[in-house]
Amino acid sequence: MSEKAKNSTDRLGTAPIGRLLFEFALPCIFAEVVYSCYAIVDSAILGWFVGDYGLAVITLSIPVQNIMMAFGLLIGMGGNALAAIQLGKGQIDKVELTLGNSTMLMIVFSIALSIIGMIFIDPLLALIGTTPELWEHTKQFVSILIVFDICVTVGFGLYNFLRTAGKPNLALASSAFSVVMCIIFNLLFVGLLGFGIAGSALATVCGEATTAIPVIWYFTRAKGAAFHLRLKYLKLDLQDSLTILKLGLASFGMQVGSTVVNIVFNHVIAAYGASIAIGVSGCLAGIGVSNRVVWMILSVFIGITMGMQPIVGYNIGAQNWSRVLKALKISILSGMTIGLIVLVLIHLFSDPLLYLFGIGGDLEGFAKWALTLNMIFCPLVAFQIIGGSYFQSSGQPLKAALIELLRQVFLLTPFYLIFPLFAGVFHTNEVNMILAAVPASDFISCTITFFIVRYEVKKLKTWIAQADARDRRLAEEAAV
């Protein structure tokens, strides 16, 4: 590792936490927001050129996309967390082994997922709640995503390592490049060539595949890289693989939980959506639009966690507990402040935002109501996301997985099934009760997360006090 690269990573243990978090999180936030903006542009293009059924297909396919992303996060975030801890200990050879091992895991997992997905494509469509009128369109869209999964997984997974390498700006550039290409491909395939749903899927995989270009170049060709992707480490190491998968469990759990939630949601909407004027397809389209906006907002919080992760991981490895605690506190405060600001902005500007998707009338009103309920506890959701990511970054995967699964699997999924049964009690329709499940699960899960994080803060303060006492004792012995 060059002296310049060493200095860029050593700063994780010496530079002011606030400045570091700003430097690392800002490009991550921009990258995540830019990527989420692509999702909005993608939906807008489909809304204008294809119609409401295109938006409904995207909503139905979300569980499949989440599963694909889950494996990228399992390996990418797990490998990145391990690499950050190893880097804090100065173990460069082990960092490069982790990078190579992670790359091989991504290739193997994505190929296996593509084969299994295509064999069971019809049962998969039934599982996610695809309605008969949307079956062929959804099958076309999902099949393309599954076949080209490797293009998405490798680029997305390796992208995470750029932050630990001290290159958050390159991470931003690679993400922005991918988004621009996705938009260009969408306009070409959907708008100009009229490929419809298939064009949108092709644009997604082609655009996201371009993420890998600058990432692979940096880790294989850049002379000043903090660590490299070397041919001798492109192999599967059992012990390293198990550690990577363990540390990535929280991110994987979050995506799998999201998949379970979306599958249940698709089925309950299919069961109750016909009870309101816009029908099942209208419900799927309206909530799909709302979710696109919500994901853009959540991407800000995810960007903060991505910026926090290498700082926490490095200082955990160096046993610099005071910097770990400070990074956690500043990250949470930043996320909750942004969440409060976003909540106000959404309230003021929801109408022009929803207009971008080409919807109107009853559907627009429904989407606005769904967005309001989704975002009502936005600051608390920021706290939970950052809290869960901290435990992943600090090598506590079980706590991280518990927090990530709490909201979606343990609360939101049963709420989706139970809440509609009480529609008569609250003198409303079942769809409104389904929407109300989101803020209810947000509030309860964030309350539980608060107590878990508070215990962790107390533990860190104890370690800080012990370290200070040890330093004073050593200073006194040296003076004698």
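The backbone N, Cα and C atoms fix where each Cβ goes, and this holds for glycine too.
Summarising the annotation, TrEMBL assigns transmembrane segment to 20-41 (among others).
TrEMBL lists 53-76 (among others) with the feature transmembrane segment. Sequence-distant contacts of the transmembrane segment (53-76), counting only residues of its own chain at least 6 positions beyond either end whose CB sits under 8 Å from a CB of the stretch, comprise 42-43, 46-47, 102, 105-106, 109-110, 113, 117, 124, 127-131, 133-134, 137-138, 141-142, 145-146, 149, 152-153, 156-161, 196-197, 200, 244-245, 248-249, 251-252, 254-256, 258-259, 262-263, 266, 281, 284-285, 287-289, 291, 357, 359.
Sequence-distant contacts of the transmembrane segment (97-121) (same chain, at least 6 residues past either end, Cβ-Cβ under 8 Å): 64, 67-68, 71-72, 74-76, 78-79, 82-83, 86, 139, 142-143, 146-150, 152-154, 157-158, 161, 219, 227-230, 232-237, 240-241, 244-245. Positions annotated as transmembrane segment by TrEMBL: 97-121 (among others).
Among the features that TrEMBL reports, transmembrane segment is placed at 141-162 (among others). Remote same-chain partners of the transmembrane segment (141-162), defined as residues 6 or more beyond its termini with a Cβ less than 8 Å from a stretch Cβ, comprise 57-58, 61, 64-65, 68-69, 71-73, 75-77, 79-80, 83, 99, 102-103, 106-107, 109-111, 113-114, 117-118, 121, 124-125, 168, 170-171, 174-175, 178, 197-198, 200-202, 204-206, 208-213, 215-216, 218-219, 229, 306.
Under the heading transmembrane segment, TrEMBL lists 169-189 (among others).
Per TrEMBL, the feature transmembrane segment maps to 195-220 (among others).
Per TrEMBL, transmembrane segment is recorded for 264-287 (among others).
For 293-316 (among others), the entry in TrEMBL reads transmembrane segment.
Taken from TrEMBL, the feature transmembrane segment covers 328-349 (among others). Remote same-chain partners of the transmembrane segment (328-349), defined as residues 6 or more beyond its termini with a Cβ less than 8 Å from a stretch Cβ, comprise 17-18, 21, 25, 293, 297, 300-301, 304-305, 307-308, 312, 371-372, 375-376, 378-383, 385-387, 390, 453, 456-457, 460.
Taken from TrEMBL, the feature transmembrane segment applies to 369-388 (among others).
The transmembrane segment feature in TrEMBL is assigned to 409-427 (among others). Same-chain residues lying 6+ beyond the ends of the transmembrane segment (409-427) with a Cβ under 8 Å from its Cβ atoms: 253, 257, 260-261, 264-265, 268, 272, 433-434, 436-438, 440-441, 444-445.
The transmembrane segment annotation in TrEMBL covers 433-453 (among others).
Spatially, the transmembrane segment (433-453) is not adjacent to the transmembrane segment (195-220); fewer than three Cβ-Cβ distances between them are under 8 Å for residues at least 6 apart in sequence. Sequence-distant contacts of the transmembrane segment (369-388) (same chain, six or more residues past either end, CB-CB distance under 8 Å): 250, 254, 286-287, 290-291, 293-294, 297-298, 301-302, 304-305, 308, 328, 331-332, 335-340, 342-343, 346-347, 350, 354, 400, 403-404, 407, 432, 435-436, 438-439, 442-443, 445-446, 449-450, 452-453. Under 8 Å from some Cβ of the transmembrane segment (293-316) lie the Cβ atoms of residues 9, 12-13, 17, 20-21, 23-33, 35-37, 39-40, 77, 80-81, 83-85, 87-88, 160, 163-164, 166, 168, 323-324, 327-328, 331, 334-335, 338-339, 342, 346, 353-354, 371, 374-375, 378, 381-382, 385-386, 389-390, 392-395, all in the same chain and six or more residues away from its ends. Listed as Cβ neighbours of the transmembrane segment (264-287) (distance under 8 Å, sequence separation of 6 or more from its ends, same chain) are residues 52-53, 55-56, 59-60, 63, 128-131, 133-134, 359, 362-364, 366-367, 370, 413, 416-417, 420, 429-431, 434-435.
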